[in-house]
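The structure appears below as structure tokens.
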Amino acid sequence: MPNFLETRENGKASGSAESEPRSEKDKMHLFSVRNKGRKRVAYFHDPCIGNFHYGPNHPMKPHRLALTHSLVVNYGLEEHLDVYRPHKASQIDMEKFHSKEYIKFLSSVTPASLPEFIKMGVPVQQFNVGDDCPVFPGLLEYCSIYTGGSLDGARTLNTGSHDIAVNWAGGLHHAKKVEASGFCYVNDIVLAILELLRYHQRVLYIDIDIHHGDGVQEAFYLCDRVMTVSFHRYGERFFPGTGDMYELGADCGKYYSVNVPLKQGIDDHHYLEEVFKPSMSRIMQVFQPSAIVLQCGADSLGGDRLGSFSLSIKGHGKCVEYMKAYNLPLLVLGGGGYTVRNVARCWTHETSLLVGEELSNELPITEYFEAFRPDFTLYPELQTTENQNTRQYMESIVRYVHENMRNLMHSPSVQMHDVPPELLSVDALANDDNEDLENSSPKSEGMYGADEMMMDVG
């Protein structure tokens, strides 16, 4: 496999796997391919992301991102992508949503120092680190990488240089302002949405992870510039226990939180035709967003280690295809997914959909080829469970969504009090050194904090 960090000239790799590490000055831009008539897709990936480890027996495996990227490269999809290594998000970036105390804790805690924190009386329990969200080596760097990819994706869309931005490492939707939750530490989605709101009056967030997107909903619960829509399993004490269809938002944000609580076993047809499309078509008509963030958690696939839906890889991808067809700036993120080989298959397939390429069912030979045994295919038949969602139940949910959309007579009018300076394109950013980036990037100038943004609505 060619080194991801190589540049390309005349269609041939101009580097090698043994090339010197890229300098800070030019590490972001890797290569650019322009295809007329196609969506311009920016793809963010850091080759270090797959090396982090939550610990033995933990279901969250960052290594799935290495498998995904390997398939993307070996299927030849990078030829249709503009591939970038993202900047690492700074602590200041993270504090646009999270509390300083929480980010300071993440920046200083290590597995070795955690007992000392406890002895010193640091209230580590309030930060919710533990079995689900362990302290592991390189924790803050891990958060910086996946958050940086989502922020760079949002900025790329803001510049207009690309139509779609992809960060499969992102999508960690459970993290709260002052605590970790559900394997998530920093909520890259909230931070990316805040960045998009600097240029877009209304942002639509869609979550197809099997778990409710509680952290994102909570962040924008009082806001009418962000509509959060979550399709998830609900009931029977399924994590996180939120996402009832009657959670609608409050104050200015009433009716801007949309929840589609489903029971186990839902399949492609019922998910897409009976629930997803009827809900999203009405939401798009009423809310009229100017940008979309789509969280593509792959734990809604059949046979997932922690999931209980019956979606196929192609069925999951139909949601991506459907939202892409609206031709709005689209930020595509990862999320959950705990059967690693199927996560890689799913996100590779969805990358192909975003660039308009059809892939062979026969997997290419990669360094991770044995992980896909016994069938070595992209679209295996996944394990399913009985669909417990009756037609009457699904119709009642969609009807409730439509009724609530009627309460939004029109999309909200927004006065853009903050007019940001012109953004540099990602290509221009690649040619600046760190000092120039700090001085010229709009990320720290005129940026709303999360609390300010949620208050500045109307």
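Glycine too: its Cβ is placed from the backbone N, Cα and C atoms.
No curator has checked TrEMBL annotations; they are predicted automatically.
Annotation source TrEMBL lists compositional bias 'Basic and acidic residues' at 1-11 (among others).
Summarising the annotation, TrEMBL assigns region 'Disordered' to 1-28 (among others).
Residues or ranges marked as compositional bias 'Basic and acidic residues' by TrEMBL: 19-28 (among others).
Per TrEMBL, the feature domain 'Histone deacetylase' maps to 58-352.
Taking the Cβ of Asp132 (substrate binding site) as centre and 10 Å as the limit, one finds 17 other Cβ atoms among all the protein chains shown. What TrEMBL lists as substrate binding site is Asp132, Gly182, Tyr338.
Sequence-distant neighbours of His174 (active site, proton acceptor): residues of the same chain at least 6 apart with a C-beta under 8 Å from its C-beta are Ser181, Gly182, Phe183, Cys184, Asn187, His211, Gly213, Asp214, Gly215, Pro240. What TrEMBL lists as active site, proton acceptor is His174.
Residues or ranges marked as divalent metal cation binding site by TrEMBL: Asp209, His211, Asp299. Proximity of Asp299 (divalent metal cation binding site) to non-local residues of its own chain (separation of 6 or more, Cβ distance below 8 Å) is seen for Asp209, Ile210, His211, Arg305, Leu306, Gly307, Gly335, Gly336, Gly337, Tyr338, given in sequence order.
For 432-458 (among others), the entry in TrEMBL reads region 'Disordered'.
For Gly182 (substrate binding site), other Cβ atoms within 10 Å of its Cβ number 21.
Apart from Asp132, Gly182, Tyr338, the substrate site neighbourhood in this chain, defined by C-beta within 8 angstroms of the site C-beta centre, holds Pro59, Met60, His174, Phe183, Cys184, His211, Phe239, Leu306, Gly336.
Of all the binding-site residues listed here (Asp209, Tyr338), the one with the fewest other CB atoms within 10 A of its own CB is Tyr338. Secondary structure from DSSP puts Asp299 (divalent metal cation binding site) in a helix.
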